[in-house]
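Copied over from TrEMBL, here are the features:
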- A:21-40: transmembrane segment (TRANSMEM)
- A:78-97: transmembrane segment (TRANSMEM)
- A:149-170: transmembrane segment (TRANSMEM)
- A:177-195: transmembrane segment (TRANSMEM)
- A:224-243: transmembrane segment (TRANSMEM)
- A:274-294: transmembrane segment (TRANSMEM)
- A:300-319: transmembrane segment (TRANSMEM)
- A:326-343: transmembrane segment (TRANSMEM)
- A:363-387: transmembrane segment (TRANSMEM)
Amino acid sequence: MSVESLDIAPRARRPLAARTDVIAMMLGLATLTVCVTLLAQMGLVSVSFVKLLGKTLCLCLAALALDLVWGFTGILSLGHFAFFGIGGYAIGMWLMWDRTEAIVAASLAQSTLPPTPFEIREAIGTQIFGVVGTSEIPWLWAYAGSLPLQLAFAVLVPGLIAGIFGWLAFRSRVAGVYLSILTQAGTLALSLWLFQNDSGLRGNNGLSGLQNIPGLTDVPQSVISIWFLWASAIALALSYLGASWTVSGRFGSVLRGIRDNEARVRFLGYEVEHYKLAVFTGTAMLCGLAGALYYPQAGIVNPAEIAPIASIYLVVWVAIGGRGRLYGAVIGAAVVSLASSWFTGGGAPDIELGFYTIKWTDWWLVLLGLSFVLVTLYAPKGLGGLVDIYTHKRARRREDLGPDQGSLRGEEEQP
Amino acid sequence: MSALLEVSGVTKSFDGFKAIDNLSLSVNEPELRAIIGPNGAGKTTFMDLVTGKTRPDSGTIRYGELSRDLTAMSEAQIARAGIGRKFQKPTVFEDQTVLENLTMALAAPRNPLNVLLRRPDRSARAAAVAEEVGLEKDLNKRAGILSHGQKQWLEIGMLLAQEPRLLLVDEPAAGMTTAERERTTAMLVEAAKTRAVVVIEHDMEFVRRLKCRVTVLHEGRSLAEGSLDHVCADPRVIDVYLGRPEEADA
Ligand SMILES: Nc1ncnc2c1ncn2[C@@H]1O[C@H](COP(=O)(O)OP(=O)(O)OP(=O)(O)O)[C@@H](O)[C@H]1O
Ligand SMILES: [Mg+2]
């Protein structure tokens, strides 16, 4: 038998369009957005529900990014939600600035003398920074009036920070738990800095009113929420395709190799640090994009969003969903964050035990913590592992039959 | 024939204990060389030093026509310069298929951008290597479920796929059956026709079949060098192996 005639059709080499999880994800997202759009037009779902779904898709996108960096490459980052927050701040600055500028211009237009640009700037400064007791416009806001620039910053600033951090950390071979602690410390430092009034980002007030999109004041929120749902779904779909492509083939092999035994990868001639840096930076940028889509739907971004605990939640979602498989991260983030809103939003009925009442608003975190521990101990494949059980059952029916090995499969896989 | 690897005066100590003590050694291209020595002689440490896993306290390790100093290069740079290594304990990526393991090892550009964007189909090359090491039927198996001997094969296959100029092979026959050992011998002898191959081995019978120059390592020093019969006649070598009857009479 010649080498060329060997039947080689492993999972990894199959084109993306033929992979079940990719197809399922695309169909699922399309169905979700179309159905919700129709239901919303019929008035059957509320604006806040549409926004909840849109926000959830953004969280799924962040989880996808974390899965790439942790589940596939083995870098447990406890700071990726900070990049998400930075993306939110970057877009929030433009949203606040542009809307305030419109309001200020309208009110100053009433006066007898037309306002000078200087007066407009000063009025914007007072409007935005009055809450932190200043009217001076911080240097950070230099380009706040430009949507393209702030959009670029939403992605580039996380990329720059991750790039510098990663370059320093990976170059000195900081790995494992030490790296996790470093990312967590960095996140804490960032949130503490943001809490300060003189950070230039309105301290603990954060940026608010972000749901009001400048120039679209006539468009009702019911329509804007649908637009953002679509944008979030498209971003998630494209990122899922990109991520699937990234983790397939030799690049994916190298990433998983780094996760399982990075020294061995080095001896094969791959510069492990470069790969880590690329993934760390790329996923940080993806988180920035997710944040830029999330916060206009949430309406407000403040330093509490960047607090270390948020990044830990992200890890919990991916762990419960099943790390190392992309659909696991998406399922985990969707299920856990929706469950979280349901439990903490008073959706779950309290349980009367006679001597004690379980209030889910208080007990949800305990339940979440417990699930995390149980999944880690007993079901490391997470919710995504359930998919395996199903596909294995099907695969068994397709197994090679008899001594003429591969003939059945060979027939089936003919196009 | 010229020296491909030139180790001179290398010393490496761990917490005051000299694992390698003023060791000098040179390997030609092509050449097959066996390194033998009792447990703890420093054989694996020697490979660690050449591949950049550990750095020597003193001495130089030069490689290739340009006599590049390996002690100043990273592990990945050394590997790309053409030095491949098989570990004492088989280390393959257990979570990945045989094909994926081999594809990762195949000689091809290794910088992230190139690996991400350019994806020519190399499965035929990988399959050819798999056939060389007798794993052609297991291409789509997860490496983790291979037998110990098959993992050794896979790692040897990965080594060959790298197309290195210098192969460092640490105890390739450990845990293999007699038939497997014979095949391994043949493969190493074949590879050494065009490359430099350094084999560490405990088993004297295995070394005898390699029919090559032997370096005896003891307490980090080179005790004797020459043909197997020559070094076995050396009284110091007999001394070192005394109390190990199966080798003392070899
Ligand atoms: N990283 C390290 N830290 C401390 N000591 C080490 C380290 N690596 C090796 N040693 C010591 O150096 C000595 C030589 O070890 P080495 O692994 O090179 O021996 P070897 O000749 O390969 O033995 P074996 O035949 O058992 O594989 C041993 O005493 C070992 O304990
Ligand atoms: Mg050893």
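Just so you know, glycine gets a Cβ as well, placed from its N, Cα and C.
The recorded stretches the transmembrane segment (A:326-343) and the transmembrane segment (A:149-170) do not share 3+ CB pairs below 8 A when only pairs 6 or more apart in sequence are counted, and are therefore not in contact. Only sequence-distant pairs (6 or more apart) were considered; of these, fewer than three Cβ pairs between the transmembrane segment (A:177-195) and the transmembrane segment (A:21-40) are under 8 A, so the stretches are not in contact. Most Cβ pairs under 8 Å with the transmembrane segment (A:78-97) belong to A:149-170, among the candidate stretches A:21-40, A:149-170, A:224-243, A:363-387. Same-chain residues lying 6+ beyond the ends of the transmembrane segment (A:300-319) with a Cβ under 8 Å from its Cβ atoms: 59, 62-63, 66-67, 70-71, 76-82, 84-86, 88-89, 92, 183-184, 187-188, 190-192, 194-195, 203-210, 291, 328-329, 332-333, 336-337, 368, 372, 375-376, 382.
Ranked by Cβ pairs under 8 Å to the transmembrane segment (A:274-294), the stretches A:149-170, A:224-243, A:363-387 are led by A:149-170.
Listed by sequence, the residues of this chain that lie at least six past the ends of the transmembrane segment (A:363-387) yet keep a Cβ under 8 A from its Cβ atoms are 21, 316, 319-323, 325, 327-329, 331-332, 335-336, 340, 343-344, 348.
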